[in-house]
Amino acid sequence: MQQHYDYIIVGAGSAGCVLADRLSESGQHQVLLLEAGGSDKSIFIQMPTALSYPMNTEKYAWQFETVAEEGLDGRQLHCPRGKVLGGSSSINGMVYVRGHACDFDEWEAEGAKGWNYQACLPYFRKAETWTGGADEYRGGSGPVGTCNGNDMKLNPLYQAFIEAGKDAGYPETQDYNGYQQEGFGPMHMTVDKGVRASTSNAYLSRAKKRSNFTLMKGVTAHRILLEGKKAVGIEFEQSGEIKQCFANKEVVSSAGSIGSVQLLQLSGIGPKTVLDKAGIEVKHTLEGVGKNLQDHLEVYFQYHCKQPITLNSKLGLISKGLIGTEWILTRKGLGATNHFESCAFIRSREGLKSPNIQFHFLPAAMRYDGRAAFDGHGFQVHVGPNKPESRGSVEVVSANPNDKPKIEFNYISTEQDKQDWRDCIRLTREILNQPAMDAFRGEEIQPGLNITSDEAIGEWVKQNVESAYHPSCSCKMGSNDDPMAVLNEACQVRGIEGLRVVDSSIFPTIPNGNLNAPTIMVAERAADMILGNTLEQSNNTPVWIAPNWQETQRMRPPKRDLSSISSIA
C-alpha cells in the first residue's frame with residue numbers, strides 16, 4: 001500500500017468530494033480520500049423521490065442522536081450524517097439553497113475575513129449548472145446540476161402556495177438563489193437529468209478516473225498524526241487492521257460538523273476539560289473545537305386537502321412501483337423530484353434586513369420516513385426559524401473512535417428563539433388561510449386550531465419539532481483575537497501546521513437555508529486556497545433588500561389577517 005500522498009482528505013462527503021476533484025485536477029498532486037462508508041450505487045440514493053430511505057439506514061448514515069434536550073422537554077432528536085460516497089449529499093433532501101447574501105456578510109463580520117457574499121458568489125457559480133442557464137448569479141458549466149424538478153407542472157398546489165404568500169402581502173421571487181431571496185417562488189434541487197446530483201456523482205466520478213487519485217472506503221479515521229504542532233498524516237482502521245498514511249503537504253478534515261470535531265478531539269486538539277474527561281492526551285488546546293454548534297428545526301403544518309390531487313394517493317406499493325419503473329426507463333416523472341417545488345423565505349418581524357423563516361411546500365401530508373400522516377388527501381409546509389441564537393456542543397466521551405460523541409444543540413434556549421417560533425406558527429397559519437388556498441384547504445390537522453396562545457404554541461413546538469438535519473458551525477472560522485475560533489480565514493487550524501477543516505463545521509453562523517449548497521461553495525473556495533490560486537471575486541453584484549425593512553415586516557397588509565381566520569376554518 002502506498003503510504004505517502006501530497007494531500008489526505010478525511011470524508012468523501014459534500015466537501016470532501018469537491019476537494020478530491022479539485023486537488024487532483026492538475027495531475028500534479030497525489031491525493032488520498034478516506035471514507036467510512038461504501039458505494040452510493042443504489043436506486044434509493046440515485047432516485048430523488050426515495051429520499052426518506054437512505055438517511056434512516058445504518059448502511060448509508062451515522063445514526064447519531066442528541067442528548068435529552070432541555071428546551072424540548074427532554075426529547076432526543078435524530079441526527080443522521082452521511083456515511084457513504086457523497087456523504088450527506090447522498091442522503092439529504094436535495095434542496096438547493098445558497099443562503100442570503102447577508103449570511104455571508106455576517107460571516108465576515110464575525111471574523112471570517114474575505115468570506116463576504118461578493119467573495120463567495122463566484123464559487124456558487126463555479127459549482128453549478130442551472131437548467132435556466134448562466135447569469136451573473138447562476139452557474140452554467142459547473143459539476144452540480146440544479147433544477148426545479150418538474151417545474152411545478154404536476155400539481156396546482158405549488159402555485160397556490162405562492163399565490164397565498166402574495167395574498168398575505170409578501171413579495172414573489174423568481175429566483176431565491178439569485179437577486180432576491182425574500183418572497184415566495186419555485187424551489188430548486190440538486191437533481192441532474194432526473195438523478196440525484198450528489199458530490200459523488202458531480203465531482204468524485206471525475207477524480208476516480210485519474211491515476212494520481214486514490215479512494216479508500218470502509219475506513220475509520222482514528223486520529224491525525226502530529227509531529228509537535230504539525231499534522232503529518234492519519235491513523236485509521238480498515239478491515240480490522242490499524243494503518244497509517246502520511247501527507248507531504250496537508251491533511252484536510254471534511255468529516256462534517258460532527259465528524260471533524262470528533263477527529264480533532266480524538267487527536268488531542270480541543271478544549272482541555274473535554275479531552276481530560278475523555279482520557280485523551282492534550283496535544284493542542286483549542287477551546288472552540290465542538291462549540292458554537294447550530295442547527296435548524298422545523299415543524300410540519302398539515303391540512304386535509306379538499307381535492308383528491310395530492311401525493312397521498314401515490315404512497316401505496318403499486319403506485320411506488322409505477323413511479324420507480326417510469327424513472328428507471330426515462331429518468332422522468334414523480335421519481336425525478338424531491339417534491340419540494342415551491343417555497344418561501346420571509347422576515348418574522350420588522351428590523352430584520354434579511355429573511356429568518358423558511359418554508360418548504362409539499363403536496364402531501366406525510367412523515368419524514370415517507371409514511372402517510374393520515375388517511376385521505378393532504379398537504380403540508382415544513383417551516384422553521386433559520387437564524388437561531390441557541391448554541392450547542394459536540395464532545396467525544398472516550399478515546400475510542402467507535403464511541404458516538406455527545407451531541408447537545410441546546411435547542412430553543414433563548415427568549416428570541418421562543419418568540420421566533422411563536423411568530424412562525426402564527427404567520428404560517430395566516431398564509432395558509434389566504435383566499436388562494438380556499439379551493440384546496442380542508443381542516444387544519446396540525447398544529448390544530450386550539451394551538452393559539454403563547455403557552456400552547458410553545459408546548460406544541462417542544463413536542464413536535466424535528467431537526468432539519470443541518471448541524472454546523474462547530475469548528476468555526478474567526479479572527480486571531482477570538483478565543484473560540486478554531487480556524488483562520490484560510491480554514492487552517494490555529495496553531496497547527498498542515499491541517500485544515502473544510503465542511504459545514506467551519507461556518508461562523510448558520511445561513512438562512514439548507515446547507516449543501518454553501519458547503520460545496522466553501523469547498524470550491526478552499527480548494528483554490530489550498531492550491532495557492534488567485535481567489536475569484538464578484539464586483540458589487542446587486543442584492544434585493546426589502547425597502548423599509550427597518551419599519552415593516554412585509555410589503556402589504558394581508559387580504560385576510562389572523563383575527564378573521566378562525567371563522568374561515
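Glycine too: its Cβ is placed from the backbone N, Cα and C atoms.
Here Swiss-Prot flags H470 as active site, proton acceptor, drawing on sequence analysis. Per Swiss-Prot, the feature FAD binding site maps to 6-35; the stated evidence is sequence analysis.
On the structure: features taken from Swiss-Prot.
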residue: D6; record: FAD binding site; contacts (Cβ under 8 Å, 6+ apart): L23, H29, Q30, V31, A247, N248, K249, E250
residue: V10; record: FAD binding site; contacts (Cβ under 8 Å, 6+ apart): G16, L34, A221, I234, V251, V252, S253, S254, A255, G259, L263
residue: S14; record: FAD binding site; contacts (Cβ under 8 Å, 6+ apart): G82, G86, G87, S88, S89, T199, D503, S504, L515, N516, T519, I520, A523
residue: V18; record: FAD binding site; contacts (Cβ under 8 Å, 6+ apart): A127, T199, Y203, I520, A523, E524, A527
residue: R22; record: FAD binding site; contacts (Cβ under 8 Å, 6+ apart): Y203, A523, E524, A527, D528, L531
residue: S26; record: FAD binding site; contacts (Cβ under 8 Å, 6+ apart): L531
residue: H470; record: active site, proton acceptor; contacts (Cβ under 8 Å, 6+ apart): Q294, D295, H296, S504, I510, N514, L515
Within 10 angstroms of the C-beta of L34 (FAD binding site), what count of other C-beta atoms is obtained when all protein chains are considered? 24
At a 10 Å cut-off from the C-beta of Q30 (FAD binding site), count the other C-beta atoms across all protein chains. 20
According to DSSP, V18 (FAD binding site) sits in helix
Please classify the secondary structure at the residue listed as 'active site, proton acceptor' using three-state DSSP. coil
Using DSSP reduced to three states, classify D6 (FAD binding site) as helix, strand or coil. strand
